[in-house]
């Protein structure tokens, strides 16, 4: 819902205004009602005594808008959709009006009005709550200074020219309000207008359109007329007004009766257009609330929802059609389905548009087939006059109430001025390549493009303010208008339609336009290369204009591109040109693989790009004939540097924890940027680095498929854009969208695109990984078909697929059994455009699939700009919202590597790890006090450890005093041929009893592995839990995380609270360490030592047994209890645990009943037994410093050393006690826990 409060001032008294407005309403009703397709029916006009405002006049009217809707559209819609109902309660000086449509249930306009004798200074006339006051927008209408549309202007209705003969008033000057406030009379109409159109995809656009055109423009002209007609009403009384109203009602009834009995010719040959207030004039006969009525014929809210028929709606007359199959019944079925989709889901979950989203002025064109985002402007208003009025988005005049938010124009200037000398407040710049959808028939107007950007900006601001406050004021948006390359192709294809001769035919609205052919024809044109060069030039101009603006002074942040349906195609080829021309480190041979001949396959000779080598691909130069005839106008390419509304302006916070990946994704540009070139050239490129490229429903996949068809030897991966990552966002029902991933790896056609989480449910994401490596690992069976996969029978091995073969059972998995098995995975990683998935599917109502295909591109194109799902997704990719966490050690710490990045020791390393993510891990180490302390880790890259880090330096850091959060560098090791390293802690630096976070940082790229070093006393008691055997309530091979058994966390916490060391064991391979620890953290399991199998093995139970044996024999732990599955009974028996110490979860097995205790009643009943004291015993020995307790998921204090009597049970004297008096073990004073963050160089 969009709420605006209008203040309308007039130099007259309240009594005069009441007569003036009522006279104006009845007069306009007479003049502008022409019949059934354009007219008003007055159903009721009677007084009331107990209603809104007390006693007053009630009116009920029906507006007929059929003549203002295209003929093919009228044929589809039932009659009920061509009517708008108005109910009005007039208790002057208070009035209330409500507009509804019987066909669109979730559409409404509510208007409340107070008429007061003041100058509009009262801040809260309607007693709004704090939330409503923050949401509303104030807008003052000036009948003199605000311009009207050119088609509505009349000199006799201009207050600057009008002079009343009878009263002597006028003409009015520009400062008339100040003069009237001093001399009087002066009155103000306070109008609170609430517009709601809660249907998917178009909510913000339609609500803003109704406000700007349907309400403001109508009210402005109506009040100008009320002033300029005063010679006609000044001598009338209220009795005269009531008589005129009755006469008008009879006349309108006769006129409508004639139309109902006459022919239907009015639809085929509609009468002359009445003026804009045709319906508003008759909207309130007997009611001074008339000017808020729906807008005029060509700019009306009813026309807007008529044209926006693809938004959900429901016909109240659907039963009339029965079972007959007709255009009307078909349309009703579609509307009912999409409306039902809206009703079955809560409003918080279904609608992408949010309260307070705003847009600039826009008007729908006349035909759905010509309806596009470039034409949402007033058909009568010129751009110059639209800019001159404060109403089309002039926030400086409308500011948000109560000073909660200053006008954006002044806010941007002030903020930039304050920061100019220090640092740029903007950390992320989005350049929006806006060309429209493939059905746009022309370039449209710049204001309509700006309106889409403003809608997106409002969505950014709303989402950022609620869920990403650290980014508020640090994100800017800039518009880059792009040529409408599909316009000529659309005009050509439209003329080829079998129904092109019949412009009003119903069949023309059906799917006779081959949408897929439009981008293919457009990109095959000889003019396409010139369009790409134009986009490059305009993008550079927009970027340089931002740098020259106060807001962008000193900008060194990351730059991302956003491309709509057609703009995405142009942006992709612009990035390919940039890669070909070379942009710093991006100008490598692997990226320079796009030539100009590929942009237009029909242009120039077709040849094999691989025959000439990769360098040969960049030799082509654009044809001079493709050059634009003149230079690009600067006003079209560069937005205003000041006062622009397409950036999210906010006063920067004094301290901000948000630092995007600035150093790695962008560079500080020079003050001056190259101007737009006159035409494309071999060196045409973007002047900045691009971190990410977001596509909004772009048919780029079809274009790339065509190029591969024309040049079979060309691989899509060769056309590598000069950006770090591409995000292809689309709706599944969008006929224009296409996937990109199957072009890079054909087997991805069997993998569904990732689903973008709904913002209302998961504003910060649902936790799903976007990394390509994780997808390859999850679907490893598709890419490693040569290996025989089997699922182990042991419950502890439910982690994933294990490979069968003797070589894998003995050799480290760093050396695969067959090199060919991972070659395809490596090939995919090398060819991919980034490190994340590319295709992302957005939510849309299923009922949209039933609509004519030709209407969907317009709807989907408009939906992206207001989608909170899209905005939240983009922000999550740009912002490091969640810092890397030390899952094994509770809390991260402030950390900056002591050694800067160095060149790799081996030249091949840089090539091997390109486009693959790190998968380093280090094993948790448990050491008995006084024994050698040895740390081990393994450094791998890619899914399934396809790349090994060999012969590279790794720095080892240990947090010796966890309370301080300070990392100490202990030494440097070099990885071996298997990517492993072993680091013995020097004896002179051996650590005392406690838990110490460890980090092993790769010197070359500062990726790292984490673990914990646990030093315990001899005889420390421990409890062992098998993760898959005792915790999981469901089986998960490689997919979603398994469920946790009820009460499992409480049982583990009980043992920890009793002072026992917790040991977790699992048969999963160590490559899954991060996922398993994240699962433990998600369910708030207490902290403990976690053990994994060393790589892939066919006998995970044997490795678990060996690990536990080492704890008993080498660490001298005393294991007092073990939990697991029936498979673990033999493992625990080998450790010497008695049946009373072995707990098996699940159904009892008869042959094992004598070897263990089955917890058939679950953990809850077992916990009751534990708490009853049946398994507790008093600690022996004196209290001493021991291990601290904490939880994975709960931030606990990091004082890891506490008194043993409270935390850990140990038997026997410690080493310090054996050696006699001396230096006591290191202890830390209790202190306040720190909330610490992690900051790596690679993330700055």
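Using N, Cα and C of the backbone, Cβ positions are placed for all residues, glycine too.
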Problem - Among 600, 638, residue that the record in Swiss-Prot marks as phosphoserine - result: 600
Handout entry: Which listed span Swiss-Prot calls region 'Disordered', if the choices are 339-358, 359-378, 379-398, 399-418
Key = 339-358
Handout entry: Feature phosphothreonine, as given in Swiss-Prot - residue among 287, 1223
Key = 287
Handout entry: Surrounding CB atoms that lie within 10 Å of the CB of residue 59 (phosphothreonine), all protein chains
Key = 25
Exercise for the section: Look up residue 59 (phosphothreonine) in the DSSP assignment and report helix, strand or coil. Expected result: strand
